[in-house]
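Engineer: Below, the features straight out of TrEMBL:
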type	residues	note
BINDING	A:Arg213, A:Ser238, A:Arg239, A:Asn290	FAD binding site
DOMAIN	A:6-193	domain 'Electron transfer flavoprotein alpha/beta-subunit N-terminal'
Amino acid sequence: MDNNEIWVYVETTGSKIEPTSLQLITKAKAIADGRKVVAVVPETSSINAETTVKEYGPDQIKTLVDDHFAHATDEEIADALFQVTDKNRPDSLLFPATILGRSIAPRLQAKLGTGLTGDCLDIYYQDGLLVQVKPTYGDNVMCDIVCPDRRPQMVTVRPNTFRAEKGTGGATEIVQSKFTFHKEANSEVVATDPIINSSSKLDDAKVVIALGRGAYSDKNIKLAQDLAAKLGGMVGVSRPLTDEPEFSHDDQIGIGGASLSADLLINLGISGAVQYTVGIKNAKKIVSVNIDKDAPIFDESDFAYVGDVTDFLNALLKQVR
Amino acid sequence: MKIVVGIKQVPETDSVKIDPKTNNLERSGIQGIINPFDKNAIEAALQLRDQAGGEVVLLSMGPDSYTSSLRDGMAMGADKAVLVSSRAFGGADTLATGYTLAKAVESIGDVDLVLFGRQSVDADTGQVGPIVAEFLSVPQVTFAETVSLESENTIIAKRQLDSAVQDIKLTLPAVITVRKELNNPRYETPVNMKESFEKPITVWTEADLNLDPSQIGQAGSPTSVTNVYAPTKEVKKTTILPEDPVQAVSELLGKLD
Ligand SMILES: Cc1cc2nc3c(=O)[nH]c(=O)nc-3n(C[C@H](O)[C@H](O)[C@H](O)COP(=O)(O)OP(=O)(O)OC[C@H]3O[C@@H](n4cnc5c(N)ncnc54)[C@H](O)[C@@H]3O)c2cc1C
């Protein structure tokens, strides 16, 4: 049986609620057009994520409460979600394109035998179908994808593609879903080490100093780090620099890396390839420094400095208190 | 240990563009290469084989031209390869592809471990590994950054989530998708390249696999692409800062506040 609902998977790790899930609730409400927005929250008994989720105004919150969720495997989470989705299939089911979302959604997809489009940059309804907009070939190409016959229509959506807004209006109904946590015999999370600095993830940093191939030198790295420290920000890089010893994939901005939501981004020696610029679309103020006055990065920038990275950084460090 | 590595041949994506007038993909003359992330999966398989013995079988689904990537993978050191190839598989989306690959893994038989790269650089986003795991009803670790053999039939793999690092213990058989950071893929050596031409590539069609025909190719694919186009770009209003860096910075700071 199908219903006319949009479900959003709310990812919880420890006591943290994944921001992308909240962004998706806001987006779901914006496109719902009469459909009911339901947040599905697997959690342990101590998290009470519904208190926070409620503020974003879904029509309903379905909690799946079991203390095993503290260390659940992908198989176990997918199984729990299958139990609540299979019998009463929603029209659409939205996941954050986080590591966990990308791992659980396809398993659930295979159980449900339906379609899933990964890593969407936009979603909207047209003629009753959820249009799933997805980049391919390193974002040189965009595709619209639909899933005409099977339900739910599943997507994962890239973090920070949409903004979360606290909701107003109707009351949120909270229901505890019935399900049985089935322990998977052949896999087990044997250790979970919290990452201490997770609050300063690139995606969520307020200020980002981004270094590209044109800025790669010991001196510029040092200057950029000093500047980031002064501004309470983080250093990120374009892809070529992830091959250098100082940086790793975790520092990458762009299609294969972070999607920024910074208030201020300073691009240094970055040309502005589309694979990079998708990751900076939601940065509020963008300053770019490049010796090439025709560099495409300037099209994406609020402020352009045509000149050398080191000169600019030296001047900036001196003048910033 | 019998290890299957799923690989995909991809166009060198830097050169794939959309013709802005016709909205057609310009792919002509572009060489197919092995999906770069898949090389990390092959490397991981070779290391496990060197440690535990056994064999590494490459598996791919696609047209005949995919044999060139399978040869490249064997030149790295894999023992043999299976290509699942037929018109009947055409138009498969991730679900139909995952189903077909899972059936091929079953036909290879007695497989302990199936490895994939974290995702392909052209189209999908790491969906196929978990789909194959689900169809095989085996556990998975995705985006693994370390993979170590703990006993004859258990592996511990590390995976980094946004706010925690997990150690996950798997009892084989299992599926693992690996991150680029896991290892540095070895280069093909001239000797291995030569030998790769003597190693077998088995080609299977739908007749060789125990399949439900309604789950393969276009028929087995719930999704369809309705539109392909070039991304639109909004051009921002840009303030050009003065040439002198000191002046540039003071103007910038004045306007930012
Ligand atoms: C499938 C795929 C996925 C990709 N994913 C990503 C991704 O996630 N993130 C990403 O960043 N890239 C990604 N890329 C790569 C992307 O296409 C570009 O190659 C990359 O972003 C270029 O990095 P860059 O701008 O640092 O280097 P370049 O393009 O080499 O640009 C360097 C710039 O520095 C300028 N410069 C040089 N010297 C100076 C100086 N002294 N002072 C000031 N400016 C100077 C130059 O004028 C030039 O504009 C991907 C590519 C593919 C095919």
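Cβ coordinates are placed from backbone N, Cα and C, and glycine is handled just like the others.
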Engineer: Taking A:Ser238, A:Asn290 as the binding-site residues to compare, which has the smallest set of other Cβ atoms within 10 Å?
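Structural biologist: Among the binding-site residues A:Ser238, A:Asn290, the sparsest Cβ neighbourhood within 10 Å belongs to A:Asn290.
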Engineer: At 10 angstroms around each C-beta, which of the binding-site residues A:Arg213, A:Arg239 has the fewest other C-beta atoms nearby?
Structural biologist: A:Arg213
Engineer: The record names A:Arg213, A:Ser238, A:Arg239, A:Asn290 as the residues that bind FAD; what is their largest Cα to Cα distance in Å?
Structural biologist: 17
Engineer: Reduced to three states, what secondary structure does DSSP give A:Arg213 (FAD binding site)?
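Structural biologist: Reduced to three states, the DSSP call for A:Arg213 (FAD binding site) is helix.
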Engineer: What mean pLDDT does the predicted model reach across the domain 'Electron transfer flavoprotein alpha/beta-subunit N-terminal' (A:6-193)?
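Structural biologist: Averaged over the domain 'Electron transfer flavoprotein alpha/beta-subunit N-terminal' (A:6-193), per-residue pLDDT gives 94.
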Engineer: Tell me whether A:Asn290 (FAD binding site) sits in a helix, a strand or coil according to DSSP.
Structural biologist: strand
Engineer: Would you mind pulling the DSSP three-state label for A:Arg239 (FAD binding site)?
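Structural biologist: Looking at the DSSP assignment, A:Arg239 (FAD binding site) belongs to a helix.
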